[in-house]
Amino acid sequence: MSGMHRGGGRSNRGSRNRNKKNFQRNSNGHRGNGGSNDLLRHLHKEAELEAHTARKDVPGISMMVAANFTGFNGLISVGHDGRLRFLDITAKDFVYEEDLGGEGHYVFFEHPFLFVGFDKESPLMPGVPVGMLGVYNVEAQPLARKDLIVNEATPFAHSSRIAAITVGGALLISGGADGIVRLWKFDDAAGTFVFWQNLIGHVRPVTSLCFVESDGGGMLWSGSEDRTIRIWNITSSGAQCVDMKSAGRRNGDDPGGHSLAVTSLKLVPGTPPFILSAGVDQKLIVWNATTNEYCGGTECGAAIQEVELGTLPDPTADGNVLNCLFLSCRTGDFQIREWDSDLTLRISTTRRSGNRGIAHSFGCSTLVVPEHGQFYSAGRDGKIMVWNVRQDRV
């Protein structure tokens with residue numbers, strides 16, 4: 001399997017010495033052909049869909065991804081209500097639903113496989129939920145789930161919830177609240193993935209995973225609630241931790257890492273590639289994914305849940321597009337920042353109970369940014385919101 005390439009962002013950048021990333025916000029908040037109010041004025045919420053059940057103490061949507069396969073083009077979401085749902089984005093209608101049997105925590109799509117992390121009681125330990133990793137081949141009908149296990153004595157994927165899933169080369173990679181990163185290989189004879197290796201090092205839940213492919217293997221970045229980022233060298237013979245980012249390793253301008261839980265890691269493809277890391281400490285940090293060096297960072301003003309890349313049409317220039325960072329916030333709103341620019345926008349479109357403007361109650365879980373400019377936000381309020389940018393009319 002090849003790694004996923006989602007979203008936009010500039011693909012060619014210089015080295016750290018030639019092009020240190022400048023994330024300092026411009027005091028006037030304007031860019032060349034318009035100010036921050038231009039995009040905000042043109043941002044339109046097209047639809048608001050009730051997707052998952054939510055209460056304040058039981059958040060709704062945990063994760064959402066875009067998926068395109070035979071007979072389907074849309075969004076797939078999982079929620080704490082235990083449901084897996086497929087939303088057709090053209091009809092804006094849910095076309096498939098499944099009860100997972102326990103709270104859903106993560107979903108990841110790499111054609112032809114859909115991977116779902118959810119809780120389920122272990123038959124060996126009645127009443128104790130464990131982290132299950134379900135795999136669907138979406139091109140095989142009828143749709144059926146295969147749950148992965150470590151072995152017969154450990155009939156589950158992780159001892160507690162799965163909070164991160166990715167793929168790298170031929171590997172499936174999962175991260176659990178047990179602090180373990182697990183590598184799985186596809187077995188042709190079994191027709192599914194089988195457990196291969198544990199990566200031990202994190203001492204709190206693993207929250208994010210990002211794989212950077214290279215000849216003969218790749219580098220896996222893992223983020224955790226233990227406030228560290230670990231970097232693992234993955235080869236055909238195994239894996240080894242070769243570096244760690246931590247605020248305890250601060251050195252001059254280099255913050256070393258995050259001072260609170262790491263929540264998101266995002267690959268920016270290019271030469272060299274970059275890794276964006278975000279956390280509860282409200283910081284967005286950029287790392288050179290080849291040298292692992294610090295390249296810059298910024299304060300976001302809110303705890304970040306997830307980072308996505310994508311493009312939006314420039315409402316002031318017909319045919320132009322803006323390369324943007326989309327940051328989902330635990331406060332319920334989200335931010336859009338133009339990549340390679342000082343433009344920063346806080347998107348606040350609705351008011352609830354007299355509070356300041358927010359997009360979602362209880363927190364914004366995730367953002368999905370397809371290629372065509374329309375984008376989608378999913379919230380802990382159980383709702384999916386559809387957004388687009390309306391251009392100026394001549």
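Each residue, glycine too, has its Cβ placed from N, Cα and C.
As given in TrEMBL:
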COMPBIAS  1-11  compositional bias 'Gly residues'
COMPBIAS  13-23  compositional bias 'Basic residues'
DOMAIN    151-235  domain 'IP5PC-F beta-propeller'
REGION    1-38  region 'Disordered'
REPEAT    155-194  repeat 'WD'
REPEAT    199-236  repeat 'WD'
REPEAT    255-293  repeat 'WD'
REPEAT    370-394  repeat 'WD'
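Counting Cβ pairs closer than 8 Å to the repeat 'WD' (255-293), the top stretch among 155-194, 199-236, 370-394 is 199-236. Away from its own ends, the repeat 'WD' (155-194) comes close to residues 1, 3-4, 103, 105-108, 110, 115, 117-120, 122-124, 129-133, 135, 146-149, 200-211, 213, 217-218, 220, 222-224, 226, 232, 234, 239 of its chain (Cβ-Cβ under 8 Å, at least six residues beyond either end). Beyond the ends of the repeat 'WD' (370-394), by six or more residues, the same chain brings 39, 42-54, 59-61, 63-64, 66, 75, 77, 79, 81, 87, 89, 92, 310-316, 318, 321, 326, 328, 332, 334, 359-364 to within a C-beta distance below 8 angstroms of the stretch. Across the repeat 'WD' (155-194), the prediction's mean pLDDT works out to 95.
In terms of DSSP helix, strand and coil, the repeat 'WD' (255-293) has 0 helix, 20 strand, 19 coil.
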